[in-house]
Amino acid sequence: MPPPPLLLLLLLAALAAAAAGPGCPLPRGPAGGCHGPSAADSATCVDMQLRTCSDVAYNWTTFPTLLEQRSREAVESSSEYILLSVLHHLLEGQCNPDLRLLGCAVLAPRCEGGRVHRPCRHVCEGLREACQPAFDAIDMAWPYFLDCGRYFASVEEGCYDPLEKLREGLDVEEALPSGLPPTFIHFTHHSYAQMVRVLRRTAARCAHVAKTYSIGRSFNGKELLVIEFSARPGQHELMEPEVKLIGNIHGNEVAGREMLIYLAQYLCSEYLLGSPRIQRLLNTTRIHLLPSMNPDGYEVAAAEGAGYNGWTSGRQNAQNLDLNRNFPDLTSEYYRLASSRSVRSDHIPIPQHYWWGKVAPETKAIMKWMRTTPFVLSASLHGGDLVVSYPFDFSKHPQEEKMFSPTPDEKMFKLLARAYADVHPMMMDRSENRCGGNFLKRGSIINGADWYSFTGGMSDFNYLHSNCFEITVELGCVKFPPEEALYTLWQHNKEPLLNFVEMVHRGIKGVVMDKFGKPVKNARILVKGIRHDITTAPDGDYWRLLPPGPHIVIAQAPGYSKVIKKVTIPARMKRAGRVDFILQPLGTGPKKVLLGPRRSGSGLRDPLGGASPYGEPEEVGQEPLGGRRQPSSGGSKPWWWSYFTSLSQHKPRWLLKY
């Protein structure tokens, strides 16, 4: 087992050393907590001087605390307080800084006007529901002092929201310059707060077709905010394909971030103005835009400013991880499985050893997002060159830095890449001296591994772990373009972005059901000659991107006889053909199905939250998503407990689940 980072070791050692401190001088209650003052008790308000809680939304606290700690020194020496300072690292950035602020509301209660104000119970309950999987992943009990029933109050009792500061400045509406219509797009760089305001304002203007939602937080606690466009925002509709566009995976590559902010405003405005094309697109497609996957890295790059940014400043996230090298390497496993005809080489599970390494919260958020939404098509927007690349990004011979390494869907991926490049004016510019001119003879598209090979990329992971086809778009040679270049960049990329999203309607779609009309989820759709299956969503619907021409399509599921159909896709067909399947149950006897990749580790919890694709409950033993964070066999203590064993007998045993 690899040792945790040095900083984490130091923090955990401090936690263990403080475990014998006077965290609770009075007898504990049955839930392990102390009985502190009620919200109605009078209190003496004192200045907030706790470093870990220095960014709470209030300036005064009181002693004794809700845990009966009677001085600042008692709080700082308590295991509860020091736990708050290490949760950031223990949970690898998940639920940060939300949990710390929630804990501070108990350890340093808000005091105003001589009264103690308790935090809201509904905020605690919401966080517990969202963050419990992160504690389960490291086999740690939910901290007793975050007992939502004991230390928190209801709205009727006059509670306050301890997370209010996280939204400070994000809900403030920026007035547009005088005389400008609400459809005006300001072609400028957007700070994090400005980006959030624009997305929320856009969703409010088009509330009947748009909404914003968060898929998680960055390591430094910034929301990974998505804006969605659909005829019914917030829900999947039968046979409506889902598309995602992701920008700013590298924090210093900012053009994609701005293009998606502009695209969101454009889609809303054009829909309201009655554009037939945009109305048709939003009425038939569910589009998800994540302008910034790496907001922490962007802050580093933006501090240097456009035109001054180095090639790598801000590229990584706050953990110094390259997010486009942080996904599971399933491509190596694919090459191993591809040699066997009796084993599937699609929907490859995440290997257990992946979780032994450092996995960024941003990476986890994307993987969990993919599990809850049946994405069909995706693009990741980068900067540094002018070309569209497509999987595989990792060479089939690992020693080869440049080697053509196609997927079974090579023809379709080339069509997707060309859908972007062929309508991009600069990608089609015939000058070899321009940015990206070295790709001119290839039509400004390239197989990723034929350009340069790397592992852990997001596009390969999309293709091999899910139904989603993802390409990578390099938007230009300047990673952080000056503000005056943004309007031209938008003009160059508006049509390619729309044209690419419309490609989700190529191929076939349909519903797989049994003879009673009941949908068959997780049925497999096979195409003869293309060794890559896709699966049906919980409602039985599917989408199979296919190039024009004749295809033999097969639908099969365990317990049913397979159904074979021949379909022909016309060259100019721009709307997916409807191909439904009705499966008949098999009689008694052995059932022959194609084996999936071998899975082990039954019963292990899933660090992504225990959901299989599209939110369905995970079957026991389905996927070994665990590793070092899981309980050891034989009832031994979790990996992090070893740091406490050589210290005082007064250890924080309330952290143990067993």
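Each residue, glycine too, has its Cβ placed from N, Cα and C.
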* Cross-link partner of Cys148 (disulfide, per TrEMBL) out of Cys111, Cys120, Cys124 -> Cys124
* Do you know which of the disulfide-bonded residues Cys124, Cys148 has the most other C-beta atoms within 10 angstroms of its C-beta? -> Cys124
* Structure fact -> Counting across all protein chains, other CB atoms within 10 angstroms of the CB of Glu474 (active site, proton donor/acceptor) number 26
* **Secondary structure composition of the domain 'FZ' (40-162) [DSSP: H/G/I, E/B, coil]** => 50 helix, 15 strand, 58 coil
